[in-house]
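The compositional bias 'Low complexity' annotation in TrEMBL covers 1107-1125. As annotated by TrEMBL, domain 'CTLH' applies to 34-92. Annotated region 'Disordered' per TrEMBL: 1101-1125, in sequence order. Look at TrEMBL and you will find 450-493, 594-625, 913-954 tagged as repeat 'WD'.
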Amino acid sequence: MTSLSRELVFLILQFLEEEKFKETVHKLEQESGFLFNMKYFEEKALAGEWDEVEKYLSGFIKVDDNRYSMKTFFEIRKQKYLEALDRNDKVKAVEILVNDLKVFSSFNEELFKEITQLLTLDNFRENEQLSKYGDTKSARNIMLLELKKLIEANPLFRDKLVFPSLRASRLRTLINQSLNWQHQLCKSPKPNPDIKTLFTDHTCSPSNGARAPTPVNLPVTAVAKPSSYVPLGVHSGPFPPAPTAANVNALAGWMVNPNPSSSIQPPSLAASSLAGPPNQVSVLKHPRTPSTLGMMDYQNTDHEQLMKRLRSAQSVDEVTYPAPPQQASSWSLDELPRTVVCTLHQGSTVTSMDFHPSLHSLLAVGCANGDISLWEAGLRERLISKPFKIKDTAACSVFFQAAIVKDASISVTRVSWSPDGNLFGVAFTKHLIHLYAYQGPNDLRQTLEIDAHVGGVNDLAFSYPNKQLCVVTCGDDKLIKVWDLTGRKLFHFEGHEAPVYSVCPHQKENIQFIFSTAVDGKIKAWLYDNMGSRVDYDAPGQWCTTMLYSADGSRLFSCGTSKEGDSFLVEWNESEGALKRTYSGFRKKSPGVVQFDTTKNRFLAAGEDNQIKFWDMDNVNVLTSTDAEGGLPSLPRLRFNKDGNLLAVTTSDGGLKVLADTDGMKYLRAVEARSYEASKVQMETKVSGSSMVANMNQHINKVERVDRSSPAAPLPILNGVDSMTRSMEKKRSLDDIAENSKTCELTEIVDPVHCRVVTLPDSSDPTNKVIRLLYTNSGTGLLALGAKGIQKLWKWSRNEQNPTGKATTSVVPQHWQPNNGLLMTNDVPDNSEEAVPCIALSKNDSYVMSACGGKISLFNMMTFKVMATFMSPPPSSTFLVFHPQDNNIIAIGMEDATIHFYNVRVDEVKYKLKGHQKRITGLAFSTHLNVLVSSSADAQLCFWRIDSWDKKKTLPIQMPAGRAPVGDTRVYFHSDQVHLLVCHESQLALYDASKMELIRQWVPQDGLSTSISSATYSCNSQLVYAAFTDGNIGVFDADSLRLRCRIASSAYLHQSSSNSQNIYPFVIAAHPQEPNQFAVGMSDGSIKVIEPLESNGRWGVSASVDNRTTSPSITNNSNSEQLQR
């Protein structure tokens, strides 16, 4: 159904409820699947009407939809089973066991056996887990509490648990408005029309003389109930204008409506004019799910045992069919940075913070004493601290000079990075703003001081009017001003009647504008034209309010506090200029103004009540909260980094804490590891005694030890500042000296006893060589796609030998298949020899998309069922990757050299890029640089802007002499998303994607002289694994491309086979959490997982050194020279 049909169902449901058609109401809820009535569900469950409970549920979910649905049905059927046992009705219990519970045995056979054994007990309470089971009523209440949690967490119930806010008798009102409109169209309208039917359009019979149509009050009896209907006079007037089209810019939408009472207006229901196709797919990401179907703990209502299982499970992606065309959203608690990783002691109250846009652990901090600091969270170090200092007092206004003489104290109100990270601005409580150029970890130079406002400067932001980087400020003087980077004032906006509290510059399509809020609660919008404000709205609370857009710029939020202490966090409907939803969860009164932030186009966070509270953008209730291990002020300030994996929050003792999710902790470890490696190189070069190295060390301080390719390393200035380039070149030369001064030791492994290898069972098939190989994102399985289009999955189990359940060489995994016996088989054309298999795995391992010359198939990883097929050839797809910011969008490289962006939710190709000459062989996104890099079979690289899809540059890779520019080229981004690994059969190459320049290159030579078949980064981007067509595997340092370790085929292949010399690794994959583990898919179809010895722990460490023994199978080659360019 379209969104309009959905809204019509809600209107009918309201009408039926008002008319007391109770059974019809619930029947329509079930059949439409648009509204789940939790109250009705509870009534039936508490009454034990299990058939009706399941029948009602079946309108919304099915047992095998996802694990939430499965767990929901399991709990209901388990309760029904236990009640039969409690009544000693063994016949009924056996019937329930066979007909209702048997379906769950395929997912947890041990649990099913345990449930079956309850039949042998005189009283099932003899089972330890059921010993606390009370009477039927209390058990049902406990079950209902659990079911509520499961239903609320299930993405299939998203937007189906709350009835929209409607005025009473809304359907009657619309009908009456329609009749009024029809009456105005009458050629001869009568003053008292007689409405006899709604089945045909109303017209008045002709009368003598005609007059202009006028609004009339139709008789209430025509369509209204006297007791509840609002007379038409309330709605009289011309027929209202049609809703603004979805593609009209947001500001125009705000200008449609006059000033509404924003704080009390119900959410607007925006109507979409586009009907979705019937085969819509919605790829949703949601919280971690129960990994098992467990017994419920009846001891208390918290169900600790189940919660432990919930916490230990992995997230999954879900697909539902069909999906209404509203925006799908989802959440996973794992994606929220809630773990405190470090505490930074600033020494003064922190008043503002902002993370660098691409160096994601670099944090700018402003303080109440006027100081500013730069912190590197990965190193727990303060890189720079600068006290407040007036650059030129004489250049400041007399008002400022008088104010500073009267009171010399000054505080920072806002620090903010420019979008490119080359500048950051600081606003102060008295008149001034400062601009600083960031040119490296210890190089921060003030470039500008502006006496911007009379009184305090309350906010500062960067914008790009007319493609020119500018600074937007607002202040106590009720003004908004726009400045260029030389300090020249470009625009001057006045119209507020109170001090301006915040500004929010934004761009929608080609319209650039600024939202501003004042302390009297007024919201205004300005275009860059000095023509005055375009809108005038009241912010909820009518006091201090901040406005922010989601990361993708599609959703607008505001958070503020009234003078009475009431806080309001809301989302705005831009097309209507009205409130879309108001979030709950704030305490009654706040002593100040609540601060908030958004991240990942999915989450909101606000600091209140000595804690951080999180919301899912699509749910008004608090998702979760944390006190960050204590020490937070009543209203802590907070800030996400751009990726949303780190969160900084202020503390009561003049410091701040950094919280991280799993990805954030990996990122910080990578920063710390790089700093350690760089410092180790520095120490080793000191020992060498070289005068040149000694001289070098004088220039390297503790911060500069961070490797240039570290996420903490400085990026080049993008606006052409020469000093930055010189700084980078100087740093590079110092690194090269350190690298060359270190003795290059090559470890060679030729014997199986000097590495750990496991061969996956049922993997060898010479006719189906492994073309694509992926670890699951959880690290617990391997997924292989063969030349025949068949996908296989192997899983490692959690047991005493493998307590983590992660992939390991210590345990042989299981070739996993569902009980239905299905295979994941792709659509393969007759000429399959020419097909190029490709694959992409959903972020949480529940769904995989793949193709092998035919249609793209979407498989459910739990059942192996084909959920959808799309994109029929020709042309066929050759490479697949999910868009990093939207799981509904897939970037598809094609045989005809084009790149398609396909939205699975609406079954439509949204964009098509043309720039290559041969088929696409690789795609890699960098959200940090806002670019997509594509590669093709003609050895060409293309760089595309993500926001506009314009091509920035085409770059041929530098081929060795005598080599033709042909062959598959693959691209992989480093974890810093700046450096790019390019793999071609002739070379490995590193590029700086920000400059689109080659940094260094390695070509096959010496012991690794054959063609490269595959390469990839390790999970921490410290290593590069490369496979060769002679069976060798090379382990390289990721920054220098220095060969650390060569693994000969004799170390991991059985040499008994006569054709073992012809077997080689066709594809290589790195474990997502273990940096020293990788897997190879072989040309004979077999798959092997390889790790270093536990005594070594990592590649490139010689056992002969560690164990003080010599080994003929592991050798050190200290003279190995690598060709680097």
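Cβ coordinates are placed from backbone N, Cα and C, and glycine is handled just like the others.
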For the repeat 'WD' (913-954), the mean pLDDT of the predicted model: 93
Distant-in-sequence neighbours of the repeat 'WD' (913-954), which means Cβ under 8 A and at least six residues beyond its ends: 357-358, 360, 642-643, 836, 878-879, 881, 883-885, 891, 893-901, 965-973, 976-978, 980, 982, 984, 991, 993-994, 996
Secondary structure content, the domain 'CTLH' (34-92) (per DSSP, counts of residues): 40 helix, 0 strand, 19 coil
Residues of the repeat 'WD' (913-954) by DSSP state, where helix covers H, G and I: 0 helix, 26 strand, 16 coil
